[in-house]
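Scroll down for the structure; my scribbles are underneath it.
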Amino acid sequence: MAKFIILLSLVGLYFGFLAFAFEPSPLQDFCVADPSSSAKVNGLACKSPALVEANDFSFSGLHLPGNTSNPNGSKVTPVSVAQVPGLNTLGISMVRIDYVPWGINPPHTHPRATEILTVIEGSLQVGFVTSNPGNSLVTKTLQKGDVFVFPVGLIHFQRNMGTGNAVAIAGLSSQNPGVITIANAVFGSNPNLSSDILAKAFQVDKSVVDQLQAKF
Ligand SMILES: *[C@@H]1O[C@H](CO)[C@@H](O)[C@H](O)[C@H]1NC(C)=O
Ligand SMILES: *[C@@H]1O[C@H](CO)[C@@H](O)[C@H](O)[C@H]1NC(C)=O
Ligand SMILES: *[C@@H]1O[C@H](CO)[C@@H](O)[C@H](O)[C@H]1NC(C)=O
C-alpha cells in the first residue's frame, strides 16, 4: 500500500511537471493582447472584451513569399502573438518559410515550442539533434505534403534540396515560441563571449573564433 501511494505521488509529480512545462490552459474564451497595457503578466494583458474585433484574430499575406535575399537563402514569416493579438494565452502560432535552392533555415531551437512542419512546395531535408549524451541526428528528406516534427528545445534545421524554390508552413505550440539561432547566439552575442571560452569549447585556435565573431 505504501509503495502504491509513493508510486501515485510520483505519477502526480510527473504530470504536475508536464503541466508546468507548457503554456497554461486559458481561463476564459480569449484574452486578446493589449500591448499598450503597463500590467506585467506571463504573456500580455487582455484588452477589454468589449473592444475585441475580428481583426484581432486575423492576419493577411501568408500567400506572399518572404524575401530570401540573405546569406541563409531563406525567410521565416512569423504569425505569432506579435502579429495576431488574439493568440495571447492560446499556446499556438505558425510560420511560413521560403527557401531558394540550397537555402537553409540554419540550426536553431525554440525554447518554448514543439514545431510541426509541412512542405507545400519543393523538397526539404530536415533534422534535429537529440540532447546529451547521445546527440543523435534524426534527419529525413521531405517531399511536398510530407510532415515532420521538431520536439521542443531541440536544435533543428531545414535545407532546400530541390532545383526550385521551396515553401513550408509550420505550427508551433506557443503564442511566442522564441528562437535561438545557434551561430548567432554563440558567435554574435552582445557583448562577445570571451574568445578564450569559445576556443576551448570548440577546440580551435582563437583566430578561428575571432573570424567567426567578426561574421556574426
Ligand atoms: C530583399 O532584401 C534585400 C536585402 O535586404 C534588399 O536589398 C531587397 O531590396 C529586398 N527586396 C524586396 C523586394 O523587398
Ligand atoms: C539566418 O536566419 C536566422 C534565423 O532565421 C537569423 O537569425 C539569422 O540572422 C540569419 N542570418 C543571416 C546571415 O541572414
Ligand atoms: C566581437 O568580436 C569581433 C571579432 O573580434 C568584433 O569584430 C566584433 O565587433 C565584436 N562584437 C562585439 C559586440 O563586441
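Just so you know, glycine gets a Cβ as well, placed from its N, Cα and C.
Now, the feature entries from TrEMBL:
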- Asn105, His110, Glu115: oxalate binding site (BINDING)
- His108, His110, Glu115, His156: Mn(2+) binding site (BINDING)
- Cys31-Cys46: disulfide bond (DISULFID)
- 60-210: domain 'Cupin type-1' (DOMAIN)
Integer mean pLDDT for the domain 'Cupin type-1' (60-210): 97
Sorted by sequence, non-His108, His110, Glu115, His156 residues with Cβ within 8 Å of centre, Mn(2+): Thr109, Ala113, Phe128, Phe150, Leu154, Ile155, Pro177, Val179
Nearest recorded site to Cys46 (disulfide bond) by CA-CA distance, among binding-site residues His108, His110, His156: His110
His110 (oxalate binding site) - helix vs strand vs coil (DSSP): coil
Remaining residues near the recorded oxalate site, that is with C-beta within 8 Å of the centroid of the site residues Asn105, His110, Glu115: Val95, His108, Thr109, Ala113, Leu117, Phe150, His156, Ala170, Leu172, Pro177, Val179
Disulfide-bonded residues compared (Cys31, Cys46) - highest count of Cβ atoms within 10 Å: Cys31
Three-state secondary structure, which DSSP defines for Glu115 (oxalate binding site): strand
C-beta crowding around Asn105 (oxalate binding site), within 10 angstroms: 26
Rounded Cα-Cα span from Glu115 (oxalate binding site) to His156 (Mn(2+) binding site), Å: 10
Rounded Cα separation (Å) that holds between His108 (Mn(2+) binding site) and Cys31 (disulfide bond): 30
